[in-house]
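Data first, discussion second: the structure below is written as structure tokens.
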């Protein structure tokens with residue numbers, strides 16, 4: 001274009017020397033702090049930790065055999081495969097959808113907002129979102145809420161019989177058989193007395209009934225009383241399910257009253273086993289360990305998607321507005337459905353823009369550092385590790401090996417080098 | 001072209017294409033309703049995490065430990081500014097907040113000045129190697145900063161700049177320049193040739209042309225660059241983590257130490273994070289147009 005033609009001719013006497021004062025400050029800084037360091041890192045990567053001894057490619061060999069670094073490589077691969085494609089896809093769909101609403105600008109503003117804040121702050125935001133405790137992390141609060149709707153929490157988590165009962169898959173089963181006319185006293189322990197429901201009444205063993213199997217289940221607080229006997233201050237445990245089992249079959253079910261008593265009428269004469277079903281005592285569901293070793297990388301990727309989607313939407317929307325409306329309308333007039341228009345017209349016309357967005361996101365992903373640094377708790381950081389973080393840790397964190405750190409920096413540079421060429425080629429094409 | 005398209009769209013139903021019946025239009029309208037609802041949900045989904053952080057920063061430590069931020073809807077009395085008061089009165093945190101300005105402002109000014117000068121030369125002064133230099137700058141756009149951390153740390157150590165604000169600023173300037181030059185050079189190159197040539201005919205020096213012709217025209221591009229660069233530096237963690245010491249640390253680095261006990265530090269961390277976000281959010285809301293343009297142009301960074 002214009003630039004290529006020499007524009008000094010217009011004013012005779014201009015000399016290239018006049019460019020020097022304009023270029024000098026930037027060139028000095030770039031040469032000293034970007035280009036020289038690049039060369040230095042390359043050379044440094046062939047020396048040992050102290051920098052005194054030439055070790056050839058040892059640092060690179062170590063890098064590709066070190067388990068921490070290999071985990072970082074694996075995670076970078078996962079990131080590159082999953083994250084940019086996900087964001088480009090979500091961005092494309094949302095950008096097309098926003099064309100159909102009036103508040104598109106407001107929508108894009110909301111989704112773009114995460115781009116303005118630091119990755120550090122975004123990291124803290126998502127650390128809080130995914131915090132393990134359902135009393136702090138909103139995701140687990142929702143997960144627990146939904147879970148408890150379908151399988152309600154047990155009344156007495158962790159409570160258990162003092163003795164005389166064996167833990168089985170179905171619950172606590174009495175060791176000795178019982179039959180109609182017996183009276184069972186069943187002390188439970190392992191549950192805080194202050195957590196008993198307010199309607200719980202003082203417990204007392206029922207009188208024996210001839211036709212019935214009767215019993216009482218109470219919280220046996222050993223402090224200030226005798227273990228295994230009902231003391232005056234001790235209260236019954238309301239609402240515990242009790243089963244009578246004969247030959248492996250449940251023949252009767254009942255639930256304890258407010259005073260902890262239960263009764264099985266009409267059991268017949270044969271022996272039964274009294275059993276307390278498991279779900280009286282299961283621990284409450286506390287959600288998933290999002291920030292644990294197995295889920296940490298997907299969790300961090302989700303936070304990155306939150307940050308980058310707005311960028312993808314805005315970029316793609318700019319591309320969309322450049323698509324000739326006639327092409328879309330022509331397809332619609334021909335009877336194409338919206339989906340066909342999207343698939344056959346919009347996406348092919350947008351593909352150059354989508355490629356730029358995708359490449360940009362890949363570069364961004366390769367350099368990912370802060371999110372992993374902030375969201376992954378210290379104990380799982382090795383599991384969530386990525387190259388940029390590993391480079392920092394090896395060189396400045398706990399490692400202190402600048403030879404290996406330089407090797408990692410060079411590897412990182414080589415990974416983004418194709419993107420460099422992509423940019424240069426695009427730049428040249430746009431100018432010619 | 002837009003006008004023509006509008007006309008076509010209006011014409012279609014009137015001309016009574018048999019395929020576009022009442023049912024199709026009904027489905028289309030319903031579909032639009034669904035789109036509205038889906039997008040509204042997406043927007044809420046995007047806002048909830050930030051809202052949660054804001055509420056957490058407005059509840060004290062015991063409240064944050066005992067229950068989630070969403071319980072505020074039933075207990076609005078828990079809201080308090082105490083965390084902010086405490087954080088601001090904490091000397092180290094307040095100092096780090098100021099440091100963030102001391103780093104971001106000079107790093108932005110220097111980048112804008114140096115890049116404008118260099119971009120002018122690259123766009124409008126003919127000199128040998130101009131093409132190559134431009135391509136090198138484009139190549140440097142995606143340079144990972146990790147490549148320079150170790151060598152520059154050594155260099156700064158030798159110059160006594162390690163652990164100083166000056167050192168952090170210089171590093172940011174170096175890695176801000178390629179994008180800044182790329183953005184401004186593209187913009188300068190698009191300025192009509194006649195403007196510059198007319199000035200040259202009048203015998204103006206290059207400096208005068210730069211000041212009187214280029215800069216006034218390039219204000220929007222410079223605004224985009226300024227906002228982008230300021231937020232980029234403001235939001236940095238890694239550079240300051242390596243090059244700043246305790247006294248020159250920006251707020252991101254200062255808060256980092258609190259991360260170890262996240263569950264019990266939610267009050268301080270959310271407050272600190274929100275404090276660090278106030279400036280970018282304000283800049284974003286006020287200058288959104290320039291910021292979005294800057295990000296779109298500089299996304300390759």
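Using the three backbone atoms N, Cα and C, a Cβ is placed for every residue, glycine included.
TrEMBL does not curate its annotations; it predicts them automatically.
What you see is a predicted model, and the numbers here were worked out from it, not measured in a lab.
Listed features, source TrEMBL:
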| type | residues | note |
| --- | --- | --- |
| TRANSMEM | A:20-43 | transmembrane segment |
| DOMAIN | A:73-423 | domain 'ABC transmembrane type-1' |
| TRANSMEM | A:77-97 | transmembrane segment |
| TRANSMEM | A:109-130 | transmembrane segment |
| TRANSMEM | A:304-323 | transmembrane segment |
| TRANSMEM | A:353-376 | transmembrane segment |
| TRANSMEM | A:404-424 | transmembrane segment |
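By number of Cβ pairs under 8 Å, the transmembrane segment (A:77-97) is matched best by A:304-323 from the list A:109-130, A:304-323, A:353-376, A:404-424. Between the transmembrane segment (A:109-130) and the transmembrane segment (A:20-43), fewer than three CB pairs separated by 6 or more residues in sequence fall under 8 Å, so the two stretches do not touch.
When each of the listed stretches A:20-43, A:304-323, A:404-424 is scored by C-beta pairs under 8 angstroms to the transmembrane segment (A:353-376), A:304-323 comes out highest.
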